[in-house]
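Asker: Sharing a structure below in C-alpha cells format, with a few things to ask.
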Amino acid sequence: MKIKDTLNMGKTSFPMRAGLPKNEPIWQKKWDEDHVYEQRQKLNEGKPTFMLHDGPPFANGNIHMGHALNKISKDIIVRYKSMNGFRAPYVPGWDTHGLPIEQQLAKQGVKRKEMSMTDYRELCRQFAMQEIDKQRTDFKRLGVMGDWEHPYITLQHHYEASEIRVFGAMAKKGYIYHGLKPVYWSWSSESTLAEAEIEYHDDKSPSIYVAFKVVDGKGLLDTDTYLVIWTTTPWTIPANYGITVNPRFDYVQVQVGDKKYVVAAELLDRVAEEIGWENPKILKTFKGTDMDKMTAQHPLYDRTSLVMNADHVTLDAGTGLVHTAPGHGEDDYKVGVKYGLPVVSVVDAKGYMNEYAPGFEGVFYDDANKQITQALADKGALLKLDFFTHSYPHDWRTKKPVIFRATTQWFASIDAFRDQILKAIDTVDFKPSWGKTRLYNMIRDRGDWVISRQRAWGVPLPIFYAEDGEPIIEEETINHVADLFGKYGSNVWFEREAKDLLPEGYTNPHSPNGQFTKEKDIMDVWFDSGSSHQAVLAARPELSFPADLYLEGSDQYRGWFNSSLITSVAATGVAPYRGILSQGFTLDGKGRKMSKSLGNTIVPATIEKQFGAEIIRLWVATVDSSSDVRVSVDNFAQTSEAYRKIRNTMRFMVANTGDFDPEKDTVAYDELGSVDRYMMVRLNQIIKQVKTAYDAYDFATVEKTISSFLVNDLSAFYLDVAKDVVYIEAKDDPKRRGMQTVMFAALLTVTKLITPILPHTAEEVWPYLKQPEAYAALADMPEAEQFDDESQLLDIWSGFMDFRSEVQKALELARDNKVIGKSLEAAVTVYPSEPVRDMLDDVDANVMQLLITSHFEIAPATTKAPADAEQFDDMAVVVKHADGEVCPRCRMVRTDIGTDPKLPQLCSRCAAIVEANFPDAVTNGFDK
C-alpha cells in the first residue's frame, strides 16, 4: 500500500476542459428529445404567470451579436422565473412582411411585375419561412429554451386575422382616416415610411438664402423690400406658397446698399456675416404679428407667397422667416392648411420633379437642387449658396435619403387618444428609468401614424371603395375580411374580386349598382408586429395579456414599444406591457457600429466555434446592456478565463463530494464547526443577493456575486482550508462529513443559481448532485434559510478574515525573504490587541488549519512583540520556519514524526488515522 492510498483524494469524471463547442449541441439535442421546456411548463401549472413577450426579429439573414445579447437576456429571465415559482412560457416570434424580403427576391432575379401578385407573395412567404428556419437554429444554438415548434409568425393566418380586428377596433372608434398629408417618402422603395423606419446619416446639402420681393406690405413695408428665407432643400422652392414668421419675434427692415431686406432682429448679425452684408442699417423694427397676411412675389413663378404666423418658427438657424411648402413638410402643412394654401407635391413617387415644378419636369430632385439654385441666381433672388454636412433622414432598409412628400394615405389619428396613451405610460415600469421620458416625449410629439404602404408583401388594408369613391370601413366588412384571413390567409385579398370579399348580400347606398373596388395598399409592418399583444398574448391560451415585460433594443422606443402601445391603448384601453427593459446596441471594440463595409462584424457562430455559446451567455451576464456594449474577441477570451475559474471551482467540489451521500452523510447545521456554519451563512447571503439581482434583471450583479463567492470565499479560502480535513481525515470523520455537507450545499446552490446563465454547465454538473429532477432546468431556485446565529457569525468571521489577510501579508514577506517556501512550512506567532484576541477566542476553530500553517500560537497578553515582528494596526506577527520534518501524508512540518513505532514515517495525527482505518498499512507497512 502507498501512503497516497490512505488519502481521500477527490476523483471525478467531470472533465477539466469543458469542450463547449462540441458538447453544447449534445445537451441541446437532449433537451429537445426529452421535451425539457414542456416538462418545465407542466411542473409550473397553477403557479402565477410571468409573461415575457418576445419582440419579433425580422426574418432575414443570420443572427448578429445584438440578437444574441437580446435573446440570451430573455432566456436568463425566463429560466430564472420558471425556476422561481412562476409559470413563464416563452413563445418566440418572427416579423415576416416588408420590403427587405422583396429586395432579397429582386437580388435573386425575381421580377415582381412579370408574375401574379399571389405567385409573388408565395415566393415571399417561402423566403421568410426559410429564414425563420435558419434563425431558429441560430437561437437554439445559443441555448435559448422556448416553444420553438410553435412560434408566432406575422404571416400566420390567425395572426393576420387578429391584426385586421385590431385595425377594426381602431376604425370603429374613428381613429382611421384617409388624407393628403406630407409623409416620409422613400423614392428608393417607392413607399411611405413610418418614423420607426427612418435612420439618420450625415449628408452634404446645399444651404441657400433667397429673397422674396414684397408685393403687399400692409402699409408697413415698401414693395422694394425683400423677405429673406433660408433653406437646405432648394428643390422645394417650386412648392413654396408661403413664408412663416413667429408672431412674438422682433423683425427688422434693414438697408444694405440700395436694397432693403427683412430678417429676425436677433439673427441680423449672423445673417449679415453669412451673406456678406456690410453695415446693414436698421430702418424699422416690428413684430411678426404685424407681417401677418403680407404677400411676396415667388422668385420663379408668377404667383405670390403668403406671409403667415406660427409658433414653430425658431431662432436656432436661418433668418426667422421660414420658406413654407405645404406639400413637403409637417409644420408647413399645418400652417398652410390653417391659411388655406394649396397642398402640392412637386416630385413623383420615384423622386422626379413633376408638372407642378414648371421648367424642371423629369429632373431627379437632387439634381434639381443645382438647376433651381441657378434659376434663382439668374433671377437675382439668390443671396448666398453654401454647402454643409448635417444629419439627414434615410430609409432604414435601402440606406437612401428620404423626402417629405404630400400623398394621399391612410392614417391612424394619434391626436384622438394621445392623452389616453400618455396616461397608460404612467402604469409601466421602465428599466432604465429614462425610458419613460423617452417614450412619453415620443408619443407627446409624434404626428399621426401613416399606416398605408405601396408594396406587395404585407397584410392588405381591409378597405373597400364604393362606386362614388367613398371608402367603406365598416365593422361588418372588416370582421368578414378578418374571418376570411383567418381561414385562407391574406392572399385571399389578391385572389378574389372585391364583391367576393364582402359579406354575402352586402349593399351600400354609395354603390347603387352593387359595384365595389378594394384598397391596393398594405399595412405598415409596424402595425403587423404592433398587433402581437392581441394576435399572440390575448389569443394563445397558455399566454396572458398584458405582458409583464417587453425587452428589446432602445431603438424600439420608436418602433415596437411605440406601435404596440398605440394599438393596444386604441383597441383595449391599456398598455400591452407592465414593464419595459431596454438595451443598447452592440458595437465593435472601438465603439463603432458593426458593418460589413468596415469589416468589423463579429457573429455568434464564430464565437460559438471558438469558445462556445456558454461563453457568449456568460459575457451577456457581465455587461451593462442598458447602454451600448462593445464587443471584441478579447472580451470573449477574458470571459472564457472567468468561466474556467467557475468551472474549476465547481469541479473541485464535484470531486470532493464524490463519496458523499446527502441522504445519510449530511451533518446538521448545529453540529457543524464554526467555519462551516459561517460558510452556510455566506451561502445564505449569496442566495438572497443573487435572487434580488435576478428579480431586478441585474445580471451583472448575479454573475459578480456568484463568481466572487466561488473564487474568493470558496476557492481562495474555504476549499483551500478544507483540503487538510477532506483529504487527510478518515472518510467518515464528522469534521470531514461536515465540510462535505457545506461543499455539497454550495455546489447544489450555485448550480441552481447559475442555471439561467450557464445552462449547459449546470446540466453537466447536475448528475453528480444525485437530485430527483432529471435536469437542473427542472429544479427550483434555492430558498434562503433562517439561522439564529447568522449575524453573530458574520461579525466574528468578518473580523477573522481581516486578521487572516494581515497574517497572509506577513507570510508573503517571509516567503520573499526566503524564510519559508509554502505557508505549510511556517510557524506563526501573533501578538494581538485585545479585540483581536477576543475575536480569536470567539472563532472557536483550529486557526493553524485556517491559516494553512504548521504551527500557530497566540503570545500571552503580557508578552511584547520582538523588534523584527511585522507590525499591523491591531497586532504584530512573527513568521519563522516551523521546527521538525515534513509528514509525507499531511505535508505539515511536525516534531512528532515517528512517535508511533508502527508507522514511523507519519506524524501522530496521521498515524492514528491510518491505524484506525487501514490495518494493512500497519501490518505490511507502506510501499517504498
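Note: Cβ is positioned from N, Cα and C throughout, glycine not excepted.
Swiss-Prot lists these features:
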- 57-67: motif ''HIGH' region' (MOTIF)
- GLU552: L-isoleucyl-5'-AMP binding site (BINDING)
- 593-597: motif ''KMSKS' region' (MOTIF)
- LYS596: ATP binding site (BINDING)
- CYS887, CYS890, CYS907, CYS910: Zn(2+) binding site (BINDING)
Asker: Same chain, not part of CYS887, CYS890, CYS907, CYS910: whose C-beta falls within 8 angstroms of the C-beta centre of the Zn(2+) site? Give them in sequence order.
Answerer: ILE728, PRO888, ARG889, ARG891, MET892, ARG894, ILE897, LEU906, SER908, ARG909, ALA911
Asker: What is the total of other Cβ atoms whose distance to the Cβ of CYS910 (Zn(2+) binding site) is within 10 Å?
Answerer: 25
Asker: What Cα-Cα separation, expressed in whole Å, is found between GLU552 (L-isoleucyl-5'-AMP binding site) and CYS887 (Zn(2+) binding site)?
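Answerer: GLU552 (L-isoleucyl-5'-AMP binding site) and CYS887 (Zn(2+) binding site) have their Cα atoms 61 Å apart.
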Asker: Neighbour count, 10 Å Cβ-Cβ cut-off, for CYS907 (Zn(2+) binding site): what number do you get?
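Answerer: If we count other Cβ atoms within 10 Å of CYS907 (Zn(2+) binding site), we arrive at 26.
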Asker: List the helix, strand and coil residue totals of the motif ''HIGH' region' (57-67) as derived from DSSP.
Answerer: 3 helix, 1 strand, 7 coil
Asker: Using a Cβ cut-off under 8 Å and a sequence separation of 6 or more, which residues in the same chain sit near CYS887 (Zn(2+) binding site)?
Answerer: VAL893, ARG894, ILE897, LEU906, CYS907, CYS910
Asker: So for GLU552 (L-isoleucyl-5'-AMP binding site), how many other CB atoms are inside 10 Å of its CB?
Answerer: 22
Asker: On the three-state reduction of DSSP, what should I expect for CYS910 (Zn(2+) binding site)?
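Answerer: Looking at the DSSP assignment, CYS910 (Zn(2+) binding site) belongs to a helix.
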Asker: For CYS890 (Zn(2+) binding site), what is the tally of other C-beta atoms lying within 10 angstroms of its C-beta?
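Answerer: CYS890 (Zn(2+) binding site): 21 neighbouring Cβ atoms within 10 Å.
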